[in-house]
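Per TrEMBL, the features are as follows:
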- 7-65: domain 'RNA polymerase III subunit RPC82-related helix-turn-helix' (DOMAIN)
- 134-158: region 'Disordered' (REGION)
- 170-511: domain 'RNA polymerase III Rpc82 C -terminal' (DOMAIN)
- 186-221: region 'Disordered' (REGION)
- 188-221: compositional bias 'Basic and acidic residues' (COMPBIAS)
- 245-267: region 'Disordered' (REGION)
- 253-265: compositional bias 'Basic and acidic residues' (COMPBIAS)
- 394-468: region 'Disordered' (REGION)
- 423-451: compositional bias 'Acidic residues' (COMPBIAS)
- 519-592: domain 'DNA-directed RNA polymerase III subunit RPC3 winged-helix' (DOMAIN)
Amino acid sequence: MSRHAYELCTLLVDDTYGELTSRIFEVLLCYGRLSLPALQHHTHLSYRLVKHGLSVLVQQHLVLWYTSSDDHLTLYEANTTVAYSLVRSGKYIKIAEAQAGEFAGKVISDLLLLGHARVGDLVQAYGVGQSRSTHDRLAATRGPPSNPLSGLSEGRNEEQSVTLESIYGTLCDLLRTESVSRVHLSHFRSDADNRSEAEKLVPKPEEYKAKSKREQDAQHEAAVKRKLKEWKYCADGEEGEVEDLRKGKKRLHQDSEPRRPDQKRQRLYSPLIQEVVGIPGEVYLPMLGETDYLDSNLILRVNHAKFVVLMRNDHLVDLADRIISTSTARVYAQVLRALEPKVQECREEPEDLNKIDAEADLGSLPQVSTDELVGAIKDSSELVNALGKSDDGRLDMAQFDHPKKRRKKQVISDNGSVVDGEASLDEEEDASDSNDEDNISDVSSDLDEVNGEAGFDPNAMPSFSHNPHREPIRNHLLVLAMHPLSFLQHLPKTSILPERWTIDFPTLMKNVIHHTLLEIITSRHGLPAARLTRILFDKGKTDEKVLCSTSLLAQKTMRSYLLPLHKAGMIGLQEVPRDNSRNPQRTNFLWFFDPERCKAKMLEETYKTMARCLGRARVEGEKVKGTVEKASRSDVIGKEEKFLGVQELEALNVWREMDERIWGEVSRLDDLVACLRDF
């Protein structure tokens, strides 16, 4: 990351956790990995203060650590990813509230502030204790008590008076949506350290039985990636228990009798199984209620990668709303919601390194069928007349039609023998048109007949083929698939699979980033500058004469747009001399547009602007520091007019309004960073 990004992360840590932690974090950013004595030397702090600051930073996952098995030396490293995520705390809370309710937003807020926490500690912090007597009562009655809070004091605040079922239900909802995840030791180490530890655990390349060294290295690399994936998603267990571990649940044995050593464990896990897990080593009977109980020793943390996926979904829906329509964006939101459980992070590494530059295999991507979308969209009346009609010749709908099965026809050769041939498309259409009525009449007349011993049950499974709203929904999906940004990818119906839809996120986000860069260039330099940039992107390095003829602009006018773009770093210029004289008249000047370079330039400017905004907020806060501290007292909150003077109230209101505007601007800039870097 750049210098301005480091400055931004330091300001965020200082604003959230104080000066001591930000000072240690800044030293780690400047010097890299350091040991505790070296960190004490560079910070000029006492040993006690350094350890105290490191404990806070490690708790918040802002500092990664690794202890070498050779010299047993512990090294500490700053985690800029989590540090930058502090600016998105409000967005995470808002997303959690929209998904699982207001209490889920409070849980996410506390986990963001604490870094990670035990389930038992969260239950106690919210004012509900789960004692041993509660477990015994649950085990005896095989169900939850009628009033879990009957034994608690009645003097608690309304905010803390939450039931035990609501706490566990919210935590289970967050685990199912992967908004929170289990804490693993690998989460405290850097990617390089995790890889070195994984390479120690997997077999060496020469231990694999392969014909060549290249195959041995490939098998070794695949084993390392599997181990890293297990650590990342806390799935380093049996394959049948991966889902249990991800959801933080324990599976109880069906009876309370201990299993024999040779008795295999039954793999009967289902997310709908209700169970109670208490103190380790004790067995409790399953509950009959609707609440899942988690292990009190389970440690949870916020899953930043999943929240980035949810932020990307919101960004894509807003983009579809702006450039297409609100109704189409509503259908697209349902598609993203259906694919959401199947997408764990925005940028997943390909399993096969040889397929990085190859085109994406749409069959391997997460998919959703048209029938599922029709069933999920309850009220689709507004979608019927939301799209207009276009000329028949302007759109090519052949690629979205269901493929027809090519029938065989008999062809008589010159010598009189009969050979098999393939019918043409015209012949197929004629044959299908002539046989449609006969086929329909045959089906309608034979409804009561059976094929062998199998009968036909019309109510066996629901069908959306005759749903009147199916075609309007499909039309909106086709609009998304035909858009130049490639919002959707269409998978036609086959003999065994229905019509499906998927999203090629790498291709889509590449188009979205290019669209965002063009929007920025348009807002800063005008529409002709964006047209020139688009021409350079399509044609590559282009001479001024060719660029003039293509853009239909005069050379003087064109240069008035190219020079500001070049000065801002949006486009580049390459000089290609025709000979060794280096004469400008004998030199070709080629203009080009590099999206990666332009994106890096925009990110650098955005980091700098965000850092300046936070610095300005700090300066304005120092001016009214005494008034802000006085208004933050517990006995003054809500009674500012009584304890503060007129000038203090005016200064406090001005500061709050300015601080709100500054953080609103920082949030909008973060949307740009997320689009260009994280999505």
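Cβ from N, Cα, C; glycine included.
Within the same chain, residues 58, 61, 64-66, 77, 79, 227-228, 231-232, 301, 353 sit at least 6 positions outside the region 'Disordered' (186-221) and bring their C-beta atoms closer than 8 Å to a C-beta of that stretch. Look at the compositional bias 'Basic and acidic residues' (188-221): DSSP puts its residues at 24 helix, 0 strand, 10 coil. The average pLDDT for the domain 'DNA-directed RNA polymerase III subunit RPC3 winged-helix' (519-592) in the predicted structure is 90.
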